[in-house]
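Worksheet: the structure to be examined is printed underneath.
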Amino acid sequence: MMNIVLIGFMGTGKSSVGRLLAEKLSYAFVDTDALIEERAGLSIPQMFAKFGEKYFRQREKDIIKETCNRTHTVISTGGGVPIFEANRQILQNGRNIIVCLRANIPTILNRTKGRGDRPLLKNDLHKMQALLKQRMPFYNQADFIIDTDELSPLQIVNEIMVYLRRRKK
Ligand SMILES: Nc1ncnc2c1ncn2[C@@H]1O[C@H](COP(=O)(O)OP(=O)(O)O)[C@@H](O)[C@H]1O
Ligand SMILES: O=C(O)C1=C[C@@H](OP(=O)(O)O)[C@@H](O)[C@H](O)C1
Ligand SMILES: [Mg+2]
């Protein structure tokens, strides 16, 4: 069976929805950021500060390569994963179902404000808009896209399950 890969901008709910979806499907769960942090023994902000974004992106790519060899796994990616051609090639291998979570800027702001765990955000509205616009074409390459603004994580999981069932037929 295939892996389900969740992509999308920061704060769209990939980590929370992924965990819940894995539970519902009785799949394994991998969060690329959590795995990077665990292996390095550093938080993501610490890693950015100490070694820079480039170093983080290399660790991220390594994990994408590894996890794609798995089956029956829900993979919650970090928001930057599909921006890189090498990652897209690995993910779009025909054995993964790629689901994009989408949210409006106010929702994203609301879900990420007051937290220092995303070094690329810094709660700067203009920066966020520019980054989202730049990344949109890559997020839109997903097999299935869900607007999450009005949905709870559980409702999002249910929508994904409906999509998966429809695909099987
Ligand atoms: N559908 C949702 N409705 C309300 N809050 C949500 C929803 N999805 C995620 N959140 C909350 O928003 C924050 C960011 O979610 P997270 O799963 O870390 O997003 P991502 O991994 O995409 O950056 C968390 O505090 C989470 O509880
Ligand atoms: O969008 C990005 O480039 C990033 C998103 C973060 O993950 P979330 O999307 O889970 O917040 C994390 O990987 C890192 O801070 C960089
Ligand atoms: Mg996350």
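Along the chain as shown, the residues are counted starting at 1.
Each residue, glycine too, has its Cβ placed from N, Cα and C.
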Record-annotated substrate site (TrEMBL): member among Gly11, Gly79 besides Asp33, Arg57, Arg135: Gly79
Which of Arg95, Arg118, Arg165 belongs with Gly11, Thr12, Gly13, Lys14, Ser15, Ser16 in the ATP site listed by TrEMBL: Arg118
Additional residues surrounding ATP, by Cβ distance to the Gly11, Thr12, Gly13, Lys14, Ser15, Ser16, Arg118 centre under 8 Å: Gly8, Met10, Val17, Ser76, Gly79, Leu101, Arg111
Cα separation, Thr12 (ATP binding site) to Arg135 (substrate binding site) (Å, whole number): 14
Asp33, Arg57, Gly79 filtered to the binding-site residues whose C-alpha is within 10 Å of Lys14 (ATP binding site): Gly79
